[in-house]
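Record features, source Swiss-Prot:
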ACT_SITE  HIS223  active site
ACT_SITE  LYS225  active site
ACT_SITE  ASP230  active site
ACT_SITE  HIS397  active site
ACT_SITE  LYS399  active site
ACT_SITE  ASP404  active site
DOMAIN    218-245  domain 'PLD phosphodiesterase 1'
DOMAIN    392-419  domain 'PLD phosphodiesterase 2'
TRANSMEM  8-28  transmembrane segment
TRANSMEM  38-58  transmembrane segment
Amino acid sequence: MDYFGPHIFGYLIALLHFLGLIAAIHAVLTVRTAQGAIAWALSLLFMPYLTLIPYLVFGRSTFDAYIQARRQANVEMHKAINELNWRPWVEEALTARASKAYASLRAMPKLGRMPCLANNQVRLLVNGDATFEAIFNAIRRSHKAVLIQFFIIHDDDLGRRLQRLLLEKAAEGVSIHLLYDRIGSHSLPASYVQTLRDAGVQVHAFATRSGWLNRFQVNFRNHRKIVVVDGMLGFVGGHNVGDEYLGKKPPLAPWRDTHVQVSGPVVACLQESFAEDWFWAARELPPLILPDTYPDDGVLCQLLASGPADAYETCSLFFVEAIHAATERVWITSPYFIPDEAVFAALRLAVLRDVDVRILLPARPDHRIVYAASSLYAFEAVRAGVRVFRYQPGFLHQKVVLIDNEISAIGSANLDNRSFRLNFEVMLLTVDDDFATEVEHMLEADFAKAREIAKEESRQTHRLQQLGMRVARLISPIL
């Protein structure tokens, strides 16, 4: 023991470096981006005592167990679908393909796993009051089934309003299925969930529970926000369930966010997306409901669900294709701006094509490191000719894309690596001049309350701030 004692720290350091080597090899083999693989490999090789635990938490970017679960869910869903009247849905897909507007989507229908469908009705919901009033009213009118999925649910005033409403509808015999993300809703008390379960509400948490190492994972979060009522009415967007989304929690108040209400055949795609996630959490299917007929007119919509289990990097490619499709303008709003090389190159090329490229970001940070990295990318974008704005009144959380005068997308995906490759996201694409005009007017009102970043601002930034932003960018592949 006298010999062993003085050398124990040497043995521990050697062991850590050995484990760091193993982890570095794993990073090279599994991390999706070259930047991320290099960043992890170098840090694990040279500083394993600082990076091994963060790698367990943030590092892995594959989720094989989910792929298998999704395939199994798809088989089960096809069995259920065969028992439904699915013909109107097929007809709507054929109608969409025959329309002139379909061509404007370019590669989107092939990129997403869902078809583009005609004859939908959409309604823009600006901010939390309008969003939750519409959602709660729809749930109150439900008769058959309600599917609810949020990244965050808080046990606060808004969360308890939702709980009371679900208890009321469950008592009436409505089938309620509630899915929340275990990490996003980490503060949700067990008593909140148990009260719902005792009343007959089906509640499950989405969690990466496959394997011992996944117990440490915070990647692969389910960031989707979906509500479907009786298979007829759907909601998707950026809001979660919490008082802050109603603008009731300074210093980020007032909270700026956007949702969209949709009815028509694309609601079937919302149900399918929910069913895949529900099957992963519960190993069973929720009720899938389709109406016998749909309206004879409406707008083209496509649901784009993305996640780390996809064969392609669907979310990143969506932004690339959207930017490349623009001939007149591309306006994007996001709380975070950490683009990968492909997205940033697409933005620069759009500027060279004389496209009006604008990005709207929050002026107030909710995550300091992410804000620092976003600021550096914002300065670089401004130097490339992109117009970047900071929304002043409060925190901007909406995720909206407007392409030219026809295509808009609203959903949960941020303009960052976590949405591109690590989270499960959903966006609703709408092809319609009138709805695009509504989105345009909404964004123009937001730009009117924003301050445009000038080119000289990056040079006026203090050197310590510049250093902090560059350090933040080094770890941006894992933010």
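Placed from the backbone N, Cα and C atoms, the Cβ positions cover glycine too.
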Per-region confidence, the domain 'PLD phosphodiesterase 1' (218-245) (mean pLDDT, whole number): 94
Tally of DSSP helical, extended and coil residues in the domain 'PLD phosphodiesterase 2' (392-419): 3 helix, 12 strand, 13 coil
For HIS223 (active site), the one of ASP230, LYS399, ASP404 that lies nearest, given that the active-site residues are compared by Cα: LYS399
LYS399 (active site): tally of other CB atoms within 10 A of its CB: 25
Candidate active-site residues LYS225, ASP230, ASP404, pick with smallest Cα gap to HIS397 (active site): LYS225
Helix-strand-coil residue split for the domain 'PLD phosphodiesterase 1' (218-245), DSSP-based: 3 helix, 11 strand, 14 coil
CB within-chain contacts under 8 A for ASP404 (active site), separation at least 6: SER104, ALA325, ALA326, THR327, GLU328, ARG329, VAL330, ALA436
